[in-house]
Amino acid sequence: MPATSMHQEDKQSANGLNLSPLERIKIEKHYGGGATLAFISNQHDELAQVLSRADILKIASYDCAAQALQAVLDCGPMLGKRGFSRADIVRIAGNGGGAQALYSVLDVEPTLGKRGFSQVDVVKIAGGGAQALHTVLEIGPTLGERGFSRGDIVTIAGNNGGAQALQAVLELEPTLRERGFNQADIVKIAGNGGGAQALQAVLDVEPALGKRGFSRVDIAKIAGGGAQALQAVLGLEPTLRKRGFHPTDIIKIAGNNGGAQALQAVLDLELMLRERGFSQADIVKMASNIGGAQALQAVLNLEPALCERGFSQPDIVKMAGNSGGAQALQAVLDLELAFRERGFSQADIVKMASNIGGAQALQAVLELEPALHERGFSQANIVKMAGNSGGAQALQAVLDLELVFRERGFSQPEIVEMAGNIGGAQALHTVLDLELAFRERGVRQADIVKIVGNNGGAQALQAVFELEPTLRERGFNQATIVKIAANGGGAQALYSVLDVEPTLDKRGFSRVDIVKIAGGGAQALHTAFELEPTLRKRGFNPTDIVKIAGNKGGAQALQAVLELEPALRERGFNQATIVKMAGNAGGAQALYSVLDVEPALRERGFSQPEIVKIAGNIGGAQALHTVLELEPTLHKRGFNPTDIVKIAGNSGGAQALQAVLELEPAFRERGFGQPDIVKMASNIGGAQALQAVLELEPALRERGFSQPDIVEMAGNIGGAQALQAVLELEPAFRERGFSQSDIVKIAGNIGGAQALQAVLELEPTLRESDFRQADIVNIAGNDGSTQALKAVIEHGPRLRQRGFNRASIVKIAGNSGGAQALQAVLKHGPTLDERGFNLTNIVKIAGNGGGAQALKAVIEHGPTLQQRGFNLTDIVEMAGKGGGAQALKAVLEHGPTLRQRGFNLIDIVEMASNTGGAQALKTVLEHGPTLRQRDLSLIDIVEIASNGGAQALKAVLKYGPVLMQAGRSNEEIVHVAARRGGAGRIRKMVALLLERQ
């Protein structure tokens, strides 16, 4: 059984599994549990040859598990010969009816293989049991004739009751089509446990729900909670509406297993939760998961005790707001003191508890942490691996497999990255099974880590292994295949690319577009395929469609755009703003919420651009509703609309606003000003950053960090992790001679925590290559610096051979996107050299944020610009600033019109040769005529655009008349605006005038 045999390090001792009391109870409570324990005891040696301890426990946690374990021993060798990995076999066996499923896989897999189903498909279908496998064999061809793809059939079949769901689709699909449900909707409804009943219930209740304003998309989502959920919405929706819950909330709560019970619990418990200070958003979050009803009850029971231990309400909401939230809260209460004794912070405990299986993860950390520490894993690593669904299994797998990974050349950070996602345990096993074969195909270790380092990484790796040759034949290169696979649901996306790529290609979508849409998953590809003709008729171009589809929930976002676009147009939203709001994860919900709350926000003084900014991020729907709820209180506390928009207008904006409301008094007591609070809250993860500052600030102060230092480190994406990393790693940095300002510079960027870790790891190697400490800090002190440091080590020697010195390499690497810039220099340097650009030119172009894109733009547009009279110096000047690529494109696009309006080449170069040059040119094009009517000369406009930029031009346009009425001359206005920060200077002039009046 070569594919499933264990490595020597993985084998269990012959003394048995040494089950803990908790593990024994977990097995015994299942039907046939006693027989399972006896089987494990009697057959331990045989099982240990093919399964790890974690595998045995997984299979044993179901009814009749003894038969499933016996089936593994019987079928495992043959399945191994057919190419099934150990993880596949465990997955098939680890369900109710696992024994029959294994025997059926042996029976039907050859036929399914001939019909185009992959091994990944077979494993997934087997999750619906033996009957599902046989039903796919029987009615799969008919469903195929009706237009259902192989991926659709697998999705429907691979759940409890999959066989019945397939039969129901066959029977009910024509009627559902008549009612306006498309193929994607039908697959979504059927593709859950109890899918057959859900399809029937949709037919029964859809007319009534439709009359109440629920869309087809809404009904399909509610059906994810099963037939009962649909009936519950019908019964309870009027009362919930009276209590202030809007349709989006109701859909969210109902659309999960147990959705009916969750809706009832919200109705029963909402008033008590409100009395305790929980907001409507909190209640919705806790209720909107499997077991939501139990979670709400547990919060009511346990919240006082958790608050006494120092957990905040946001912490409690976060821990309760996942499947199994009730158990997680109880586990935190039981185990928190033991964690504190071992040095885990409150933030660590919350992170580990706040996932599916959080209770088991906490238990596993307590049990395995000493052994992991002995192997060199830090507390931060342990928290990262445990802090995902399936964290307990991931920790056990790391302990079992780490030595083998080390022998194969994987570093500790790579092991942590692969293990630190949903399904991390399976990912590690799959890498061990397939890594050698990938190496033979030329796939780099970094690519393997990238593919596996996402939710569902094991399946993605398996799919790449199987489909890569076919994708290569279609023209996809290794980089694009890795990119498609390296997202949650990567396996399904790869299969869908094969299905729909030929047609999308004919419709004008490029390979790059298809890869981007695949970032929204398989469903996004199929929905783009289905809706693109209609969206085109409405004026949306392929770029718009790609932007909307290429995110989580992209399929739903496309549907929502189709449904809501007319209503949004009536409200004054244009196509660009609709695309912006829809073009993020959760875009569909954002559009619905804009329609819902926009009038109320307008009454409160929020402009359309501000509403778009709040809505146009991940979680935009929640952010809009939270602004509506909290704005009056925040306003009373001195936060103005600009502050609120800034905080809310990021992914996680709703949570950030909630955190500001709760934590602001404590910050004020510690001397933080309002701008400090806004800066820390106004990033992705702002809520966590605020919490981390309150928790860690005293310790950081003791180490000599000032309040501005703390704000700078916390005020970026990942600020909470950066502060934690500074606290943990600062002594090591001090020992190596880094100053406090060095540490702050490295930590004070996106990904600061990873940058600190990378510096400690890579600094010795960089020193050997003659890079100084100042160089290392310079490279590390930017967004994306971890990759930049690694790229310097990887590409530095070749760049040196081509004549680039140390200072040049540091300049190129020491900007946002430095890693990509170094790679671009290697790739495009020879071509640029042939075209007359010297090394100094190349360094200037590449040595800015977005340097890689600038180099590509020079290659692409340089010849045309030269034909239009621009020389090499002009091109270097325009490309060699942040946003250089956009500047070159803008010159190419707008140059002829600007020439017609009297601007010469020197003017255009001057305006384009600054950060934001593209925007400056567009603004001159748009507003230049108006400014000319106000007696500003071409020279004035060029002066303002090339120094103050687009914002300064707009400020002059807006406030110029006011200033002129007050007696200020054009000459004075131009003098103030034509400087860096000119827009702010103009606004200050106006403010001073108003104060005097």
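From the backbone N, Cα and C atoms, a Cβ is placed for every residue, glycine too.
Over in Swiss-Prot, the protein carries these features:
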- 84-967: region 'BuD domain' (REGION)
- 181-213: repeat 'Core repeat 4' (REPEAT)
- 214-244: repeat 'Core repeat 5' (REPEAT)
- 278-310: repeat 'Core repeat 7' (REPEAT)
- 311-343: repeat 'Core repeat 8' (REPEAT)
- 476-508: repeat 'Core repeat 13' (REPEAT)
- 738-770: repeat 'Core repeat 21' (REPEAT)
- 771-803: repeat 'Core repeat 22' (REPEAT)
- 772-801: repeat 'ANK 1' (REPEAT)
- 804-836: repeat 'Core repeat 23' (REPEAT)
- 805-834: repeat 'ANK 2' (REPEAT)
- 837-869: repeat 'Core repeat 24' (REPEAT)
- 838-867: repeat 'ANK 3' (REPEAT)
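Non-local neighbours of the repeat 'Core repeat 23' (804-836) in the same chain are 770-771, 775, 778-779, 781-785, 787-792, 795-796, 798, 842-843, 846-852, 855-856, 858-859, 862, 872; each lies 6+ residues outside the stretch with a CB under 8 Å from one of its CB atoms. Taken together, the residues of the region 'BuD domain' (84-967) have an average pLDDT of 87. With DSSP classes pooled into helix, strand and coil, the tally for the repeat 'ANK 3' (838-867) is 25 helix, 0 strand, 5 coil.
The DSSP breakdown of the repeat 'ANK 1' (772-801) into helical (H, G, I), extended (E, B) and coil residues amounts to 25 helix, 0 strand, 5 coil.
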